[in-house]
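Feature annotations, reproduced from Swiss-Prot:
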- 1-45: domain 'F-box' (DOMAIN)
- 151-199: repeat 'Kelch 1' (REPEAT)
- 229-281: repeat 'Kelch 2' (REPEAT)
- 331-379: repeat 'Kelch 3' (REPEAT)
Amino acid sequence: MFTDLPRDLETEILSRVPATSLQKLKPTCKRWYTLFKDPEFLKKHVGRAEREVISLMSLRVYSLSVNLSGIHSSVEMTGMLNSLKDSEDVKISDITECNGLLLCTTDDSRLVVWNPYTGETRWIPYKSNSPYEMYQKFVLGYDNTNKSRYSYKILRCYHGLIDFGYEFEIYEFNSHSWRRFYDNSPNCSFESKGVTLKGNTYWFASDTEGRHIILRFDFATERFGRLSLLYQSGGYVDNVVETGVLSAVREEKLALLYERFDELNDSSEMKIWVTNTKIVEAKDLSWSDFLVVDSSKFMVTRMTNVMSFLVDEEKKMVVVCDTDIDQHMNRFYIVGEDIYKEVYKDIAQGWFSYWPLLISYAPSLVQIQQGKVIPGGKRKR
């Protein structure tokens with residue numbers, strides 16, 4: 001026990017202890033039990049937690065062991081994460097991560113927030129008001145204006161019935177309810193999964209002319225905004241396919257994996273950029289080159305349908321997850337200046353909504369705000 005330590009120093013030390021150890025310490029000290037529920041402490045702990053890697057594969061969530069050691073680099077599945085509480089067979093088709101919480105869309109179009117470390121869940125009801133559910137997106141974020149306590153929200157984007165434009169809804173955990181809002185500023189197409197960083201969500205997107213942009217949704221103001229890219233996209237070009245995917249780097253920066261494939265010349269290039277400053281400090285984005293992959297050097301043409309990737313800045317390597325539609329295979333690659341190694345391959349199941357994902361995840365004790373209890377003992381959801 002740290003009974004002789006100043007309270008601030010004790011808190012500082014405990015904020016650096018892994019979540020697995022904190023969970024064991026909770027029942028040993030009433031003061032610590034209270035501290036481990038304090039939002040400000042949890043915020044500090046999540047920011048310092050050592051991140052783990054999980055993967056969504058074949059409608060299940062797996063923990064991964066990633067070894068980045070040159071020619072001995074590997075990715076191994078170490079086990080399936082425990083099933084969601086109160087459900088024996090939940091199949092998950094999509095995941096977004098925020099502060100150690102996973103927002104999961106199930107195979108039967110239900111929505112649940114899950115802390116896989118504590119096992120806590122909260123099912124979120126929503127009413128489908130569009131026949132185009134296949135094209136809807138959910139992301140989890142928070143209003144970060146209150147530095148001591150985050151106000152979590154869910155953004156739902158879906159195709160409307162008029163001109164197939166996007167419509168938007170917000171779910172607030174504080175009020176336990178959905179509401180629609182209107183914002184015409186996006187006027188673009190989402191080209192990648194959303195990545196939540198410091199409470200806000202970012203997408204690689206393209207405008208009506210095919211020019212690429214970074215789109216940000218601010219959960220505090222509930223407004224979209226456009227941010228700068230390192231390169232200028234010239235719009236649609238015949239026989240040229242350009243794709244981009246975003247990833248978070250140590251919960252501080254954004255990384256962009258960009259691929260350009262020339263179908264006429266059967267050539268491709270892959271570039272990865274990382275933002276120069278921490279997201280919380282930047283009003284706009286400035287980028288630096290991180291990695292350029294010479295496809296001809298490794299005798300590969302291109303990756304196909306890259307859905308997610310993870311960056312190791314120190315080793316200057318990335319782990320990439322993609323799907324080969326022609327061969328109907330899911331694949332993991334480790335890519336660096338001198339390595340391009342396939343480390344995992346498996347038969348893909350289902351359509352694109354079932355494609356695999358790599359997620360950097362920080363085990364945390366963050367609690368999920370539950371719905372109000374109504375007469376009869378059931379929670380209002």
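Cβ atoms here come from the backbone N, Cα and C positions, even for glycine.
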PLDDT averaged over the residues of the repeat 'Kelch 3' (331-379):
73
Helix, strand and coil totals (DSSP H, G, I; E, B; other) for the repeat 'Kelch 2' (229-281):
3 helix, 29 strand, 21 coil
What are the helix, strand and coil residue counts for the domain 'F-box' (1-45) according to DSSP?
31 helix, 0 strand, 14 coil
